[in-house]
Amino acid sequence: MKEIYQVPTSQSLQGDVIISGAKNAVLPLMAATLLCRGISIINNVPQLDDVNTMAEVLRYLGAKVEHQNSSLTIDTRECDGYQAPYHLVTKMRASIYVLGPLLARLGQASVALPGGCAWGPRPVDLHIAGMQALSAKVELSHGNIHAHAGRLQGADFTFSISSVGATVNLLLASVLADGTTRLFNAAIEPEIDNLVDQLNAMGAQIFGKGTSTLVIEGVTELKAATIDAIPDRIEAGTYLIAGAITQGKVTVKQVQPAHLTALIDSLTATGTLICCEDDSITIDAQQRALQPISIKTGPYPLFATDLQPQWMALCVSLTGVSQVTDTIYPDRFQHVAELCRLGANIRVKGNTACIIGTPNLSGAPVKASDLRAGAALILAGLIASDYTEISDIHHLDRGYQNLIGKFATLGATIKRSHHPVATNQAIAAPLLSLCG
Ligand SMILES: CC(=O)N[C@H]1[C@@H](OP(=O)(O)OP(=O)(O)OC[C@H]2O[C@@H](n3ccc(=O)[nH]c3=O)[C@H](O)[C@@H]2O)O[C@H](CO)[C@@H](O)[C@@H]1O
Ligand SMILES: C=C(OP(=O)(O)O)C(=O)O
């Protein structure tokens, strides 16, 4: 029986929430351990389905992976597999991160094409072109990428689009290539810096961290290292928006405020008060009249596409007109129809959603089409009247550790239930009594 989240209308959220390590940092860090034979340790690793999926991929390749508390131990001493099959890759697109390291260390890799996702095509042509630039022979057949190389050869490669994933894969391949690689228009997301730190700790020679030109002097061997994953800026952003949407006061702890500048600027523009300390951010939206603010997503440090659906939930709930434009994923609007089921007024034209906000949302059964769409529905559900029931919540398990517990510390009583729900009205009475 499928599980759902039941989100009752919440009071203003109040309190502190500890932010976990970033899933989008941990996945490349895990793939990087394939570059050496040894025992690597990654700290600050969240308990998430995506981390479990990447662990499954590494185990399939021959690694031993243990996740205890928030530390991952990955033993690659007997890891010689080079095939990542479709049944694993289809669970998570980031499985393609094993392409670069397998090719670099073993000279061959066979990785299933990840395919599309909930909001449309997400090609991997740049990953493939990058490997070819490093002299790999790549063939696509039967839905798989088959790549061969003797030793990869360093080269210049320019990303035609800023791509986080392709930058990750090219870094993972080029560190063991023969000679110098120069990557131009490389992504500069903080998760890339985290990977560069790990690779350099393993003995790689990467220069230009934090810039869009990365120079890699290939080495012949890498050793295992220990690394801390950076805090999850998207999880932190989601809880900050939760503070704004419920007109509460929320502090996210164990974060790096510098990673959230675009969101902080936009939240400030709505009329909330934001206070940043070394490793925490407090949003105070209590008794403040907020206005919706238009945003446009872009590569870091611009507004993150992974916070676009949550931002839309905020705009939907504030009186006034705003626009949300996604320049990274022009089709990332699966949440729009579901937000409209809660009473939102949104029209999508091209890569822009025009929103006429209203504080009068009403709870309804809705579906999480993807991870951040699910997060947006939770946020909208907090201020919609009565109950919002969110199905397909497995998407949220990919990226939000202890979601119920964290919202509970802020005063929201979200419940996870196995029970199918016929109508909102049918469950309203018993659930209200459960939630006191
Ligand atoms: C696991 C992980 O870290 N996922 C993040 C990563 O995804 P991911 O790495 O898949 O996203 P990219 O940065 O690669 O995508 C950026 C743009 O480049 C395009 N593109 C990408 C690769 C390619 O070979 N060809 C191509 O055309 C994409 O369609 C998109 O329009 O960055 C995205 C953009 O910040 C985030 O939404 C995802 O949460
Ligand atoms: C889109 C996301 O992840 P992925 O690239 O793994 O689908 C995300 O984290 O919001």
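Glycine residues also receive a Cβ, built from the backbone N, Cα and C atoms like all the rest.
The structure displayed is predicted, hence computed values, not measured ones.
DSSP gives C117 (active site, proton donor) a strand state. The annotation active site, proton donor is assigned in TrEMBL to C117.
Neighbours of N24 (phosphoenolpyruvate binding site), defined as other CB atoms within 10 A of its CB across all chains, total 23. The phosphoenolpyruvate binding site annotation in TrEMBL covers K23, N24.
The UDP-N-acetyl-alpha-D-glucosamine binding site feature in TrEMBL is assigned to R93, R122, P123, V124, D125, L126, D306, I328. Sequence-distant contacts of I328 (UDP-N-acetyl-alpha-D-glucosamine binding site), defined by Cβ-Cβ distance under 8 angstroms and a gap of at least six in the same chain, are T297, G298, P299, T305.
Under the heading domain 'Enolpyruvate transferase', TrEMBL lists 10-405.
Residues or ranges marked as 2-(S-cysteinyl)pyruvic acid O-phosphothioketal by TrEMBL: C117.
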By CA-CA distance, flag whichever of K23, N24, C117 among the recorded positions is nearest to V124 (UDP-N-acetyl-alpha-D-glucosamine binding site).
C117
Mean of the pLDDT scores, which run from 0 to 100, over the domain 'Enolpyruvate transferase' (10-405):
97
Residues that sit under 8 angstroms from L126 (UDP-N-acetyl-alpha-D-glucosamine binding site) by C-beta distance, when 6+ apart in the chain:
F159, S160, I161, S163, A166
Going by DSSP, give the three-state secondary structure for P123 (UDP-N-acetyl-alpha-D-glucosamine binding site).
coil
Do you know which of the binding-site residues D125, D306 has the most other C-beta atoms within 10 angstroms of its C-beta?
D306
How many Å lie between the Cα of C117 (active site, proton donor) and the Cα of N24 (phosphoenolpyruvate binding site)?
16
So which of the recorded positions is most packed in, judged by how many other Cβ atoms lie within 10 Å of its Cβ, out of C117, V124?
V124
